[in-house]
Amino acid sequence: MEESGGEDSVPPALDKSRVLSVRPLRCLVPIFASTPNFPSYFHPQAAAPIVCNPPTTPFPAGFSPFYPFCVSPNSQNMQIPPQPPPPFGFGGSATIPSPVPFNVLRAEANGDAGPSRRSSRGLQPLQSEEDGSSDGIHVTDAEDSTRGATAQKRRCGSSQDMNVPTSDVETDALVENILESFNLMKFDTFRRADGDKESVQYILLIYDLLRRKISQIEDSKESTPGVTRRPDLRAGTILMNKGIRTNIRKRIGTVPGVEVGDIFFFRMEMCLIGLHAPSMAGIDYMGLKVSQDEEPVAVSIVSSGGYEDDSEDGNVLIYSGQGGNAYKRGLETTDQKLERGNLALEKSLHRGNEVRVIRGVKDIANLTGKIYVYDGLYKIRESWVEKGKSGSNVFKYKLVRISGQLEAFTVWKSVQQWKDGTAARVGLVKSDLSSGAENIPVSLVNDVDDEKRPANFTYYPTLKYLKPVNLTEPSTGCSCQGGCLSSNSNCPCIQRNGGYLPYTANGVLISQTALIHECGSSCKCPQNCKNRASQGGLKVRLEVFKTKDKGWGLRSWDPIRSGAFICEYAGEVIDISRAEELRVENENAYVFYATSTNQPGQFMPGVSIESQKNPFPLIISATDSGNVARFMNHSCSPNVVWQPVLRENSKECDLHIVFYAVRHIPPMTELTYGYGIVPSDKAHQRKKKCLCGSVKCSGYFY
């Protein structure tokens, strides 16, 4: 038995030959004795470089990734031998998982935000307390601006989890092609900080084209259980990370390039143009320097129905504060606190600064979606605390709209009253100009003068071929009895469209092409097939109205989203000789030339030169018979474009001219398209003075 040494005991001699090899702490690899069953990662002689997760935000302009955040240390001329990565546990994967960024926001779904794969640059989505929808985006002010709750980590196995795979090569190539097609060199740092009307429209056009293209690719693939497809968030994430945005600098008051009454179908659109920075939060605010301290002030709010908001009238909003778990499933509601957004609104009440108000309204075309209307500047007049429906205390703020601004939300309320019959449409001449020919009535309105109706014509909703036209090639149609599916590469109609359906799942046109092949009479698919988007008549409530200086015009009671079908140009198909006769007989004859050449800027974004050439010399006269399209006026900055659409018909040519929205169009906004230049030796004699009022007006049209 050994005895412990006492005070006077002599320590044994130290055998220096048995000292273990000392390795630096930076190795970060446990030093254990080599065991046959242990992998070599834990061998004491194994050298391992530093393992670091990459940063969550892109590197600033002018800087490139550096070791250890780059993929390969050799790119920085660091001679470290490649080593296999250490495993994260026994039998686990030997790969390092991508880090989950801390900055996570939540946004609403809308429209064709239906299923989409997310880019590897995107973030994990969270559940929206405000609206109960799920998504996420990478922006910087998630925590401070969230109305209702701070961003929080996802829980594994939660029913709210959404598995979103990384982007594939096809989508990455698509992104690069689209971005290269736009002259992004003009979009400098200055325009990112402070935009204008051109840059705002520019950003929204790029975003919408990218979103629709991603949606087209995703729809062509088989859906994966548990995978949520969100092309709206994926497109927004890509543009955010590439710095393709404007009005980044927060400000009180108006946002350059954004007009009162502008509408948005996606929260990401407002983020990209700086109208409302957070992608889910209802309150956006900024710090304002006061003496030596900084206090928060509100800059914008979104009232989208998630909280107990209320409108006394079109110019007054009672807005509920954030927090309290009112819309968090499974959590106990609590009293709201005077912090974050609530504190910012309270400070804005005392300072009297202007607050931008965005109103969310239901999208009648998509029961789960919303449309956001920028209603202009408001001021907070008073605040108080009251018991909410949940029984907890809720902050309430009364905001009053500043006078002298264009009408926005009040227009929506008026239209709804016309539809409900609770208010009369001023200047109504006829409730249905089509006399039942359309499935939706077309109002005729004149509140300008005493003219009762346009020149006599017969309302006809489609196209008449007075003479049979031979097919250029035989058409057999498809046999998709349940409807054409984007993933069915064997469908002949999909093959004729280049391997993709030309429309998204909710009927939005992806982009202009030389010719769209729709299903027709020779196809076995039903009338609700996705590839029949321009068939079935009108889908929005249109109004023919008398303008002040351009005769009759056309507008819609309903909002129209970018790429949506509006109507076709109806009338009689005539030849060039008859067209010239009509021009001589009546200078204002309603004649449409599908052979006309559009001027720059009168196309949907991303359209190619080849798409500007039409395959058939089609001329349509709507002088004696036609539909609402004959009333659309010309504009040098149009919000509508036309597109040739061929419907599959084995007996005869079935070509139509169809109109689609270039961008989102608010209610009661005049619909216009570019008339183009008619190829003729006498074209110079037909110039007419243009009264479109666009800043890019050429002064004339043909």
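Each Cβ is built from the backbone N, Cα and C atoms, and glycine gets one as well.
Listed in TrEMBL for this protein:
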COMPBIAS  157-168  compositional bias 'Polar residues'
DOMAIN    253-401  domain 'YDG'
DOMAIN    476-537  domain 'Pre-SET'
DOMAIN    540-676  domain 'SET'
DOMAIN    686-702  domain 'Post-SET'
REGION    106-168  region 'Disordered'
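Summed and averaged per residue, pLDDT over the domain 'SET' (540-676) gives 86.
Residues 549-550, 583, 596, 599, 601, 633-637, 672, 674-678, 680 of the same chain, all 6+ positions outside the domain 'Post-SET' (686-702), place their C-beta atoms under 8 angstroms from a C-beta of that stretch. Taking DSSP states H, G and I as helix and E and B as strand, the domain 'YDG' (253-401) has 19 helix, 70 strand, 60 coil. DSSP states for the domain 'SET' (540-676), grouped as helix (H, G, I), strand (E, B) and coil, give 17 helix, 49 strand, 71 coil. Helix, strand and coil counts under DSSP for the domain 'Pre-SET' (476-537) come to 8 helix, 5 strand, 49 coil. Here the domain 'Post-SET' (686-702) has, by DSSP, the following mix of helix, strand and coil residues: 1 helix, 4 strand, 12 coil.
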